[in-house]
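As annotated by TrEMBL, repeat 'TPR' applies to 2-35, 70-103, 247-280, 386-419, 420-453, 454-487. According to TrEMBL, the feature domain 'STI1' maps to 142-181, 524-563. Annotation comment: TrEMBL describes 192-256 as region 'Disordered'. The feature compositional bias 'Acidic residues' is assigned by TrEMBL to 198-210, 226-237. According to TrEMBL, the feature compositional bias 'Basic and acidic residues' maps to 238-256.
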Amino acid sequence: MAEEAKAKGNAAFSAGDFAAAVRHFSDAIALSPSNHVLYSNRSAAHASLQNYAEALADAQKTVDLKPDWPKAYSRLGAAHLGLRRHRDAFSAYKTGLQLDPDNAALKSGLADAQAAASRPPPTSPFATAFSGPDMWARLTADPTARANLQDPEFVKIMQDIQKDPNKFNLHLSDQRVMHAIGVLLNVKIQTPNHDENDHDADDDVSEDEVVSQPESEHEPEAAVEVAEEEEEEEEEEKETRDRKGQAQKEKEAGNAAYKKKDFETAIGHYSKALELDDEDISYLTNRAAVYLEMGKFEDCIKDCEKAVERGKELRSDYKMIARALTRKGTALAKMAKCSKDFEPAIEIFQKALTENRNPDTLKKLNEAEKAKKELEQQEYFDPKLADEAREKGNELFKQQKYPEATKHYTEAIKRNPKDAKAYSNRAACYTKLGAMPEGLKDAEKCIELDPTFSKGYTRKGAVQFSMKEYDKALETYREGLKHDPNNQELLDGIRRCVEQINKASRGDFTPEELKERQAKAMQDPEIQSILQDPVMTQVLTDFQENPRAAEEHVKNPMVMNKIQKLISAGIVQMR
């Protein structure tokens, strides 16, 4: 999907439809946010639209994702150059050339940056109007100019004038250009057919009267308006910088108060920072963190939602948006009182992970899912209903309806996960159904819940015996006798195991049975460990070749225990 959107963007870019290219590349980025090529392409499209601020943001993102890619610095330099940040452009191109000294695009860009830096600044108010990076935005905001921009010829004229303001004089007769300069200078310039009211002028006004109004009388006024406007813009820029700087100081003060756990003071500073600068969502996320610590979860959630909404408007770093979502999810999780309350928190954590795969967010997601599951079990817990389900299972077991019985035992376990009898009974069902691994697991869980419950040992021993693991079954039955020495079922189990082990010792197996036992034994990690032990390898060799050494090995209980396991498995036979 991302490649398809990228292909559409490339096609639109090649056709000169840069706005469409931006849209397609944005769609591709939404699907593949870590693809540096997509940001590079969108940066180029923004630059073609003279949207240098957006081009710079995408170029910087390209560098962040792929700092060793020369083309990233070509995009970065072009964006800085469009914003007339000649030193930054020069630095970007130089960095790129360090990676690829022969790159023609970087060399050309560096030459352009040097030439632009040495060029004297424009003195004409018209040059200033056309050189601003927001020229296209201001024209688009005016209905008449926006309609004119649909004409490729007019767009080409405006691009030429932007590159060389002196070319403005070549288009003084073009009403569209004159209207555009009026929009950019914020002055009203009269042109033929400019206003519908011009057609309503008195017919008795002579041509001489019109000419008698010298153009020079109006030019100084326009110049004064332009100068005043430029001064106002410079003053606004200075005020904006000052506000942003003051906002950062408030943020730092808030951070210091937060570390001291002076939460009310921290909130005051973050709120003041927001009043000074609403284009930095970190003030919202920081304040949300304070509310979270204070237990004011609803206030935290509101700030996080504002941060996400504002962040998307400003196209803030996806990590900041992910941070806001994570804090919202944390607040929702802390507010949860039942299992269903965790569902929105889990959804928000998942959404945060699509913005940025952060380990902390992933950990919080896992914790929320675990807490939800535990609460579900607690909410479902009912010992009385568990006993009823187990009794239904017992009735079905007596009727040899093992699958149906298993379902009821499972329900009993859900209703009361601490009921050892339910696990024991389900283990018996699994054994009857031939599901030995599941039966063994339930038997072991039964013993874990109640180590004194003899049924757990008989179930486990029966499963192991069915799996022909006679030595393991023998150990299980013996362990059970420690808790119930007179249990006949355990004693019978031991007798059956001993018979099978003796049978293996005598080699009383058919070739097929022996082959089956040996193949099964070789899959047992314990048997594999014994056979790979160099000491046991030597012991087995001595039993065959050195009877005197074998006599010494027989005196070692640990060695004989391992040999007995090999005998029981059918690997070794005693003659």
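Cβ atoms are placed via backbone N, Cα and C, with glycine included.
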For the repeat 'TPR' (420-453), sequence-distant contacts whose Cβ falls under 8 Å of one of its Cβ atoms, 6 or more beyond its ends: 386, 390, 393-394, 397, 400, 402-403, 405-406, 409-410, 412-413, 459-460, 462-464, 466-467, 483-484
Intrachain residues whose Cβ lies under 8 Å of the repeat 'TPR' (70-103), provided they are six or more past its termini: 36, 40, 43-44, 46-47, 50, 52-53, 55-56, 58-60, 62-63, 109-110, 112-114, 116-117, 131, 133
Close approaches to the compositional bias 'Basic and acidic residues' (238-256) from elsewhere in its chain (Cβ under 8 angstroms; 6 or more beyond its ends): 265-270, 272-274, 276-277, 279-280, 282-283, 286-287, 290
Overall pLDDT of the repeat 'TPR' (454-487), taken as the mean: 92
Residues in the repeat 'TPR' (2-35) grouped by DSSP into helix, strand and remaining coil: 27 helix, 0 strand, 7 coil
Helix-strand-coil residue split for the domain 'STI1' (524-563), DSSP-based: 35 helix, 0 strand, 5 coil
